[in-house]
Amino acid sequence: MSSAVPLNVGITRSADSGASRADGEKRVLLAEPRGYCAGVDRAVETVEKALEKHGAPIYVRKEIVHNRHVVDTLTDQGVVFVDETDEVPEGALLVFSAHGVSPAVHESAAARNLRTIDATCPLVTKVHQEAKRFARDDFDILLIGHEGHEEVEGTAGEAPDHVQLVDGPDSVDAVTVRDESKVIWLSQTTLSVDETMQTVARLRERFPNLQDPPSDDICYATQNRQVAVKAMAPECDLVIVVGSRNSSNSVRLVEVALNAGAKASYLVDYAREVDPAWLDGVRTVGITSGASVPEILVRGVIDLLDEHGFHDVQPVTTANETLVFALPRELRAART
């Protein structure tokens, strides 16, 4: 599934590498697309509309999205973030985060008579449905993802007797299956495409009949942001990724930048976290942001770089995203 239209990259390349621009103008390469994806936009708006409709406090299980600024802003507005449903007063309103939850969490909420709104990204829900479908057909499901991530816990919880977590290529040797003719891989939606394909290749060496998911599990936005970073990284002395450390897709962007040729790459939540020493001798800085990052945080980094002489900002556009997800049915009438 994709909402992306391929576009020209449009980087004005130097004759040599970015480092050879020492006598030229400092510049910023600004990745497009970046920032909010459709699932994050839907999740954040779900909480905002729930506040408007029901008033504070409302409760959210885990972080609605993995971004410190978003969570802090919503907390200031009266949202209470909890780890588990037993922390929510009986009968209160609880929103499930964009990362999805297992059936056991739904059951726990119902047992406490909680009113619930599900802000799970529809692309995560798709993976849940795949897990249920292949479990019904008695497949061994190899779920590629990061141990402890909420999305992985939710997906695995749909079919705990059939799902095995595969946390990267190094985990492949420990995988065991019952019937090598009935094995399928699924994945967390926010992984590095390249590393996931490495893991799949290793799995296929062990299990030649390994089936692919019916459609891409890594979401369009994750892929698009990685493609944009790959396009600009070879020209960059430095790539700054705006995002939080618990954001899987943001962390992956740092890895992608380094693997694609950037000389250095750092993850920051705010412009104030940019170390001026990072800019010593730098002529080309790439900027991108994770899928849960509001644009105001990117603008803060651009303004900071402008103060350090990086006045020339060139967009690097590799796709145009148009996808919009409907709000949960409880709130659709409230959307403007």
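Just so you know, glycine gets a Cβ as well, placed from its N, Cα and C.
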Same-site [4Fe-4S] cluster binder from Cys219, Cys236, given that Swiss-Prot records Cys37, Cys121: Cys219
Site co-member for dimethylallyl diphosphate according to Swiss-Prot, given His66, His149, Ser247, Ser248, Asn249, Ser292, out of His99, His128: His99
Number of other Cβ atoms within 10 Å of the Cβ of Thr189 ((2E)-4-hydroxy-3-methylbut-2-enyl diphosphate binding site) across all protein chains: 29
Length of the line joining the Cα atoms of Ser292 ((2E)-4-hydroxy-3-methylbut-2-enyl diphosphate binding site) and Cys121 ([4Fe-4S] cluster binding site), in Å: 12
Between Cys219 ([4Fe-4S] cluster binding site) and Thr189 ((2E)-4-hydroxy-3-methylbut-2-enyl diphosphate binding site): CA-CA distance (Å): 5
Pairwise CA distance, Cys219 ([4Fe-4S] cluster binding site) versus His66 ((2E)-4-hydroxy-3-methylbut-2-enyl diphosphate binding site), rounded so that it is a whole Å: 16
